[in-house]
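Accompanying notes for the structure given below.
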Amino acid sequence: MPNKRTSYRNVSQWVFLGYLATTAYGAVDKDLSYCANEPNSLVSDACVSYSTLERLNAELRPSIQYLTHNTDFFTYYRLDLYGRECPFWSDDQGFCGNRACAVDIADEKDIPESWRSSELGKLEGPKASQPTSSVKKGEPSPFRGGLGEETAESCIFEPSDIDKRDYCVPEDESNGKNSVYVSLVDNPERFTGYAGVSAHNVWRAIYQENCFDPQPTGNSPLATFGAVQNLNALKTVMDRRKHEVVQQNLIPPPPEEQCLEKRVFYRVLSGMHASISMHLCWDFMNQTTGQWGPNLQCYKERLHNHPDRIQNIYFNYALLLRAVTKLRSNLKSYTFCSGDKRTNELTRKRIAALTDGLAAHPPVFDESLMFRDENAPVLKEDFRNRFRNVSRLMDCVGCDKCRLWGKIQTAGYGTALKVLFEYDENAENGENPTLRRTELVALVNTLGRLSNSLYAFTRFSAMIEKERMMEEMRAQEAFARLEKESQGETVQEEEEDILRWPEQPELTGEESIGELIWREMEVIWFAFRFIMKSWVDLPLKVWRIYKWGSGVMMDKFLGRDRFQTRPFPYKHALDEL
């Protein structure tokens, strides 16, 4: 008879086995992404499917990459990076390297200086200040070689001007002398360690701009920004509220019953946030090893479990593709490099290849559905002012690189909105507002950021799938190992517990009466033992049958064919009768 310890061990193994197989099945069968089973479903509020956007990105990404990495016009950006202070709150804890905002700052003393948050957030590469007003557009070298002899400076220089139809605050609004030109190739958007209270306050204030109301109220911390006389009061309110909102969750997505315009505003903000998170997780600095690379855990925490955020990346990509397509005719006569005809023509051909490729496909977003009712002018103005407020908040970011890319992307989205809602696609040249160089650079680089986000999403999805396959393999191996061990123990127990028929010599006819009686007593004793053992072993036999049936059901549940050939585990206690 098997000992109880062995039986209990079998029970615990099968309980563990059932749990492991069930969780592995759930992991394998779970959707790889929100659109894994319906790739042809349309992106909400757009006119294109997820799969179409993915195919478009695969087709257009090489052109976008070339523009943002190999053309002087699109690789330098002009901004006022240091001359402005955050107008909404005074936060001395908002700089990289401070305990309140840097990641794992307690251990930064043990990290090599070049890997620390404060160093990762610094800008690199050549920079040049805005030339004086005496320098005119068209000069071949307005920076006097400040950006390097190989740089076509006429592709980069931009005079200062302002357009009231802007959806973001121009970088030259306050004082052009503080503007600098920064290389975007030398300062890629990636992990810097900037986080904590300061970063949360910025995102919280950005999402609060989604609180539309017919009349500006205190719900928006920036609602009265346009009134200079109220700025000090606003600053006081923001200082008081900044520590109250840190522990709160960001504002949830707006309900579907909201109007299209308000949904679009929210989705632009959410998609921008999600895209930035994707970049940080894709190009992540391991501050232990000093290696750059994808961080799957970062992706899981920030995006994988929030499919709506990834949906909004797709939506923003569609929105920017439509804006670039709408600029097709305007860009044909756009002067990219006024002092270098050859570079100007090469840049125009490159951007034309992108816009022509987009124009060959059906529209992916229909802006004509927005701002159509009687309140359209008021709603559009509110929409425009709120997005301007979002761009102003970038001055509150305490990390140089984060502020740089925050300004670029808010300007890029603002430019896209300006093109979508203020441009007439069929107008003659000169009738539409002329895009400043910073607007066009921001638009194309923001498109490049979204393109990289979609690419990173596909790679992260592949990593998730590989991880799930490994989990399934481990579960199957554990299943097979435990099953083999269990079957081996069962066979051993059966061999030990089988009742053997008494070995008796053949009758010769010369046996005495006592010998014959003893032979019969052995048979009677064997029968008695068999009956008693059958009753004693009955619970174990029932358990074995149940275990076999559970295995068959689990095989069916997991879609395995071996349930058809799984042998019945019970072996009769008599080897012969």
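Cβ atoms here come from the backbone N, Cα and C positions, even for glycine.
Keep in mind that what you see is a predicted model, and the values were worked out from it rather than measured.
Taken from TrEMBL, the feature active site, nucleophile applies to Cys399.
The secondary structure of Cys402 (active site), as reduced to three states from DSSP, is helical. Annotation source TrEMBL lists active site at Cys402.
A simple way to gauge crowding: the CB of Thr192 (FAD binding site) has 23 other CB atoms within 10 angstroms, across all the protein chains here. For Arg190, Thr192, Trp203, Ser270, His273, Arg302, the entry in TrEMBL reads FAD binding site.
Look at TrEMBL and you will find Cys96-Cys101 (among others) tagged as disulfide bond.
Here TrEMBL flags Cys399-Cys402 (among others) as disulfide bond.
Annotation comment: TrEMBL describes 116-148 as region 'Disordered'.
Here TrEMBL flags 1-26 as signal peptide.
Cβ contacts within 10 Å of His273 (FAD binding site), excluding its own Cβ and spanning all protein chains shown: 19. DSSP gives Trp203 (FAD binding site) a helix state.
Among the binding-site residues Arg190, Trp203, Ser270, His273, Arg302, not one has its Cα within 10 Å of the Cα of Cys399 (active site, nucleophile). Within 10 Å (C-alpha to C-alpha) of Cys402 (active site) lie the following binding-site residues from Arg190, Thr192, Trp203, Ser270, His273, Arg302: Arg190, Thr192. Sequence-distant neighbours of Arg302 (FAD binding site) (same chain, 6+ apart, CB under 8 A from its CB) are Ala274, Ser277, Met278, Cys281, Arg309.
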